[in-house]
Amino acid sequence: MVFTVSCSKMSSIVDRDDSSIFDGLVEEDDKDKAKRVSRNKSEKKRRDQFNVLIKELGSMLPGNARKMDKSTVLQKSIDFLRKHKETTAQSDASEIRQDWKPTFLSNEEFTQLMLEALDGFFLAIMTDGSIIYVSESVTSLLEHLPSDLVDQSIFNFIPEGEHSEVYKILSTHLLESDSLTPEYLKSKNQLEFCCHMLRGTIDPKEPSTYEYVRFIGNFKSLTSVSTSTHNGFEGTIQRTHRPSYEDRVCFVATVRLATPQFIKEMCTVEEPNEEFTSRHSLEWKFLFLDHRAPPIIGYLPFEVLGTSGYDYYHVDDLENLAKCHEHLMQYGKGKSCYYRFLTKGQQWIWLQTHYYITYHQWNSRPEFIVCTHTVVSYAEVRAERRRELGIEESLPETAADKSQDSGSDNRINTVSLKEALERFDHSPTPSASSRSSRKSSHTAVSDPSSTPTKIPTDTSTPPRQHLPAHEKMTQRRSSFSSQSINSQSVGPSLTQPAMSQAANLPIPQGMSQFQFSAQLGAMQHLKDQLEQRTRMIEANIHRQQEELRKIQEQLQMVHGQGLQMFLQQSNPGLNFGSVQLSSGNSNIQQLTPVNMQGQVVPANQVQSGHISTGQHMIQQQTLQSTSTQQSQQSVMSGHSQQTSLPSQTPSTLTAPLYNTMVISQPAAGSMVQIPSSMPQNSTQSATVTTFTQDRQIRFSQGQQLVTKLVTAPVACGAVMVPSTMLMGQVVTAYPTFATQQQQAQTLSVTQQQQQQQQQPPQQQQQQQQSSQEQQLPSVQQPAQAQLGQPPQQFLQTSRLLHGNPSTQLILSAAFPLQQSTFPPSHHQQHQPQQQQQLPRHRTDSLTDPSKVQPQ
C-alpha cells in the first residue's frame, strides 16, 4: 500500500515534467516563428526597395526602351558615371582661369570681348581644306556669311600662289603617324601662319580683293570631344561615315586681321525685328527717342535730341537716304532703303525705317515725322542689293541641305560657336545674359585705308554665274513700276501680257521652284497695284464727267435766258442811259458785279496788224465797294430803242483778257473814249493818244458814239461790251438773242469799213486832232455843249479786279452808225438785205453769278 502511493506520486511527477517540457518546446517554436516572420518581412521590404531603386535608375538611362535586368542597369550606370567623370575633368581643364578675366564676366562674354579685341573669328578646317565651321564674326570682317564658307574648301578663298604653302602646313602632321597622341594634341601641335583671304562683295562682278590675315590654332582630334557634349554635332555626321571620320583631326584656329579696325560693324541680329521709334522735325532733327533705342544704338534720349539724323549715317548711304526723304516729303509716308547707323560704341548697324508725316489738327500744317526703325542683318541687305542687281541669291537652306549628301563624309554644318570652342577644348555656350556683349562684339568690315594688305586680282577673272533671265525680269518689273506711276490712265489689260510673259518664261538651270514662284508673286503684286491705280483713275474720270454734266446743265439754264437793252437817245448822239437785263418776266434792278470770261479776236482780222495786243485791251479800273452799290437803282426808260444783238460763232481767238467786266454808273475817273471807226491802212496815226493818271484812254476819231451803261444783275455768263477798236459791232454770247432779231438792229462790219475808206485821209487827221484836244471828264455833259461838234461815241466801262486767271472779256463790236439808223422799224423796212450774221463767240467757262461777291 505504501508502494502504491509512492508510485502514484512518481507518476504524477513524471507527467508534470513532460508537460513542462512540451510547453517549453512550444514556446520556443513560437519565438522562432515570430523571428522568422519579422525577418522575412524585413527582407521583402529590402528587396522591394532595391527593385524600386533599380527601376528608377533604369528609367534614367538613355538610349534603351527595352526592359533591362538589374545587372544591365548597374553596368550602364557605371559607364555613365565614368563618362561624366571624364567630361568633368575636361571641363575643368578647359575652364578659363579666373585670373584671366574679371569675375563679373562670364566665359561667353569674355570670349566675345576677346574676339572683338583681336578682330578675328573662329575657323575649323579639315586637313584636306574643307571648312566645317566658321563663326558669325566673319561677316563683319570679310563680308562673308557663314553659309558661304561652310562646306567649301579654304583654297577657294586663298590666292592660287599660296595654295601649296597652306596645303603643306595643314598636312604636316600626317607625316608623323605616331604624333596623334593625347600629349601631342595638347602641347606640341600649335600652329601659326599668315596668308590672304578673299573679301566678299555684294556684286560678284566686282574685282576680287584679298585681306591679309593670321591663323593661330591647334590640331584637334574629333574623338577628344565626348558624345554627350556634341550638342547635336554627331547627328550631322552620317553613321556610315562616322568611323572613318572619328579617326581624323581638324585644325581649329583664330583668324585675325593684320590691319586693326577702328569702326566696327555689327552685321548679325540676335533677335529678329528689333525696332525702336523716334520723332524728327522737318529738318530731320531728333525730337523724341523711345525707351527701346538705348539697348540698340547705345544713346540715351538726351544725347541725341536736337542733333541731325544725318550725323549718324554712313557716308555711302547719304545719297540714297536723301532720295528716300525727298519721296517722303512728296507723298507724306514711305519706307527707307537699308542704311548704316553709327552707335555710341562706334559700330555700324543696319537699319530700315518706316516713316510718315503728322499734321496739325487745326491748321493742317506738317508738324513732325514719326519713324519706326527696324534692325536688319547683313544677309538681308546683301540679298536685297543682289536682287536689285538681278543676281540670284542662294537660299540659306541650300547650304544646310548639302550636309545631307551621302557622297561626302566631311561636310559638317555646325551651327554654334560652342562646337568650335569644344573642338578647341573649350565648352562655353552663349547665354541670354550676354546679349549686350554680343552686340558690341561684332567687328567691322575692313577699312579701305588698309589697301596695302589687299591684293586685287585681274578683272578678267570670270565672276560668279548669275541668271540673265532673272535680271531681265527685274528690269521688266522696274519698267512696269515706272509706267504705273507715270501713266494717267492704265487699263487692267496692261498687266495681262506681263503675267503671261512671266508665266511663259523658261526656268533657267539652277533656279529653284521657290524662286520662280516668288517672282510670280512679285508680278502678281505689281498687277494688283496697276489694277488699283486703274480703278482710281476711272473714279476720277467719272467724277470729272459728273462735274462736266453739271456745268452743261448750268449753261443750258443760262442760254434759256434773254437780255434786253434800252438805249436812251440824246441830241448830238446816242446816250445809253440804262441797260435793262431781263430773265423771264422779272426785272432785277439790284446792282451786282458780273463775272464773265471771254477772249479777244485778233486785231489782224479787222485791221492791218499795226496795233499791238496791249493797245487792243482796255485798261481796267478798280471799282470801289461802297454802300451805294448795295442800294437799288431804277432803270431809266426814255426815248430808247430795244435792241437784240446777234451772236458770233467760234473763231480764232488770241490775246485773252484776264479780268472781269462790271458795268457801272458813270464816274468822272472812269471814262474811256473808243473810236467808232479807225483807218485800216494808216500807219502814221497813233491809236492811243492820251493816257492820264485818271486811267482814261482817249482814241482820236471823228464820229463817236456816247454810251452809258448802268450795272444790273445778269443771270447769264458773259456780256459783250461795244468796242469799235476791234470789230465794229456789239456782239453777245446768248443764242436766245437771235430770236429777237426781228426787233433788233444789226450792223455789219463791211459798212463801217466802207465808210472809213470813203472818208478822206485829211478829214480823218482833222478828226483825230480835234478828238485829242477834247477832254471830257464825264458823259453827263449837257447836250448843248456837243451841238457844234460831230457826234462822238463814248464807252464807259469798269471792270472788277480779281485773281481768277481764266476769266476773260470779249471786246468784239461797236456801234458805228448814228442814231438815225437805230430805229427798228426803219431798219426792218429799208435795210433788210444789209443784215449780216457774224460768227458766234463762245466763252471758255462761265462764273456762277451766285458766287460773285459785290465789290
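Placed from the backbone N, Cα and C atoms, the Cβ positions cover glycine too.
Just so it is clear, the model here is predicted, and its values are computed rather than measured.
Comparing SER431, SER479, SER771, SER825 with the features listed in Swiss-Prot, the residue bearing the annotation phosphoserine is SER431. Taking SER42, SER440, SER850 one by one, Swiss-Prot attaches phosphoserine to SER42. Feature annotation from Swiss-Prot across SER38, SER244, SER441, SER637 places phosphoserine at SER38. Cβ-based neighbour count (10 Å, all protein chains) for LYS67 (SUMO1 cross-link) stands at 9. With respect to their backbone Cα atoms, ARG39 (site 'Interaction with E-box DNA') and LYS67 (SUMO1 cross-link) stand 30 Å from each other.
Cα separation, LYS67 (SUMO1 cross-link) to ARG47 (site 'Interaction with E-box DNA'), rounded: 18 Å. This prediction places the mean pLDDT of the domain 'PAS 2' (262-332) at 86. Residue density at ARG39 (site 'Interaction with E-box DNA'): 10 other Cβ atoms are found within 10 A of its Cβ, drawing on all protein chains shown. When DSSP labels each residue, the domain 'bHLH' (34-84) comes out as 42 helix, 0 strand, 9 coil, counted as helix, strand and coil in that order.
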